[in-house]
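As given in TrEMBL:
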- 1-21: compositional bias 'Polar residues' (COMPBIAS)
- 1-22: region 'Disordered' (REGION)
- 12-206: domain 'Poly(A) polymerase nucleotidyltransferase' (DOMAIN)
- 211-355: domain 'Poly(A) polymerase central' (DOMAIN)
- 359-416: domain 'Poly(A) polymerase RNA-binding' (DOMAIN)
- 484-548: region 'Disordered' (REGION)
- 499-516: compositional bias 'Low complexity' (COMPBIAS)
- 593-688: region 'Disordered' (REGION)
- 597-611: compositional bias 'Basic and acidic residues' (COMPBIAS)
- 615-628: compositional bias 'Polar residues' (COMPBIAS)
- 643-673: compositional bias 'Polar residues' (COMPBIAS)
Amino acid sequence: MASHQNGQHQYGVTEPLSTAGPTEADLARDRELDKFLVEAGLYESQEESMLREEVLGHLDQIVKLWVKKISISRGYSDQVVQEANAKIFTFGSYRLGVHGPGTDIDTLCIGPRHATREEDFFIVLHNMLLEMPEVTELHPVPDAHVPILKFKFKGISIDLLYARLALWVIPEDLDISQESILCNVDEQSVRSLNGCRVTDQILRLVPNIQTFRTTLRCMKLWAKRRGVYSNVTGFLGGVNWALLVARICQLYPNAVPSMLVSRFFRVYTQWRWPNPVMLCEIEEGSLGLPVWDPRKNPRDRLHLMPIITPAYPCMNSSYNVSTSTLRVMTEQFESANEVCKAVEMKQADWSALFETYPFFEAYKNYLQIDIMAADQDDLRAWKGWVESRLRQLTLKIERDTFGMLQCHPYPCEFVDPSKQVQNTAFFMGLQRRQGVPIREGQQFDIRGTVDEFRHSVSSYCYRKPGMCIYVSHVRRKQIPVFVFPDGVRPPRPSRIGLPSSKSGSPGSKGGSPPSKQGQLGDENDDVPRQGTKRGAEMPLEGVTEVPQKLRAQSLDSAIGLSVSRARAASISSAAVGPGDLATDELDDIPLSNTHKRVSDVPLDKLSDSFKKQRSPTGSYILTRTSSGRSEDELEDSAPKRTVNGQSTMVSKSGLVSISVNGSKTGHISTNRSILEERSKGRGFMESQ
């Protein structure tokens, strides 16, 4: 919470890093940044702003009419019908004041106890909206983590949530910031209310609201252009970026936006994840609702990039982040930090920071997921479902290859105009884990992974005829032209890689200096692949009939224990044949056999050094230390783990460390010592 010290108002859980104000050079850069934002079209016109207010007014009248209609149908008295009320609240980018042209409005409908979600909201209100000519593209998502109605009202996109309070009458002056508002409400209503409560709390916890808004506009634009703005894909969404920016505003309370953008990348490049980002202390509350606490909740220990919401009940807003997406974001932070240094030294301008990330030049291999449906409405529903499952595909690939095959899901979607049916396509960049020696002829077979994904997607309960999905492996030269602007493939430089702060010029194109990470098999791009065809001609349902294999290098000693021991117990599968999905330099080298996933092998078939531990994010064979002692034997003698030169104890509740190339590492969960550190430190390393 904010506090008073030495006559100054302190925001956040620690003292500021600096209370210095801007210099003349900072103010000059700030004017340049503001000019760039205006030219980038981030601010909506007065006409659109007035239209949004008009739409919200109409929507508020609709829900009031809806509640009265429900009250009449329930047979309530005239007095109850007259007093019946519902109210619309906004949250997200619109409530924060950082929305731009064409963005949607996050809204919350709060209704009385007799207005149910399942019947009244998703049926009665849905049908009322369906009959209105102003409403288009109406799409209910009742099974989402936070149930939602999506639609357009007079062309303005609306995301409408519902919270059912334990009140017979909803007052017009309802204050949802009070903790008592959460009494006797269901879990979905708590999540829905949390959006508004978090937004309001963020605005209370930043030193300067206008400075916060401008900085957040910058960060959202940067994240979208760099392909890391998407909560559903495993990156960060609007509330995540708002919380990260708000923390920087607390650490530099007197800085202007140009300074805060630079400090943002400086701080988060050095942040020691999974230390949490928090705007205030976590409150236990009096209602007994679960809050984020790795000391008590085993699932919370598995979160890789905790960004904690400031309103009770405090939750991790970034639980979707995976190993792959955290890696991508960390690399993007490092690249942007170098560009900001160049801007401060007048070696680059702000446009260099906001260059679009050249995703289709960064990898040699890609996974293409084509989604099709009979009409636009079916595609909208089908695409939303499949997109929500793509994160699981990334997690499964990480799990089944022990992190040896790295995925980079791209949150943008593309449409192929040459197809006669409604369609959209998503892409994932694929590459072998960097910095590990290559052992020729050894691969992971993840056909089972794709099959698992197929079963997950096929479970969609609203699936209709014509809804289908195709999966294919495409190399860089085979990327379809419809993904490029104007359908024209740009000339490709000889080397392009993921961002690296250790090589190249800070002001290079896209802020992405050349690195080794994009050089996988570049020399072989022009080598024809005999007998290999695109898998896009085969629907995912047919993956078991046609060999469809996505291979990656498997490397001995890559996890500290010989992977070959597990392979010795695995069952050989079919040999590689035409139509296989393959990756890396071994694309054109025929292999005699492949192997099943270790996770498919019964535990009694593995050596006792390989005990499988299941978790929400996958399976890890990490329950033995390099000394051979089991986790149970480490109750009072947890091993030490060295990170950034500091020694950390691993609690019994965490995963046990293993030896990698002679040094201790491991999937170590957040433990008590790390949590206690947050009260003493800021969660990141000081600059050298």
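A Cβ is built for glycine as well, from the same backbone N, Cα and C atoms used for every other residue.
Here the domain 'Poly(A) polymerase central' (211-355) has a mean pLDDT of 95 out of 100. Across the domain 'Poly(A) polymerase RNA-binding' (359-416), the DSSP tally of helix, strand and coil residues reads 29 helix, 19 strand, 10 coil. Each residue of the domain 'Poly(A) polymerase central' (211-355) gets a DSSP state, and the totals for helix, strand and coil are 73 helix, 7 strand, 65 coil.
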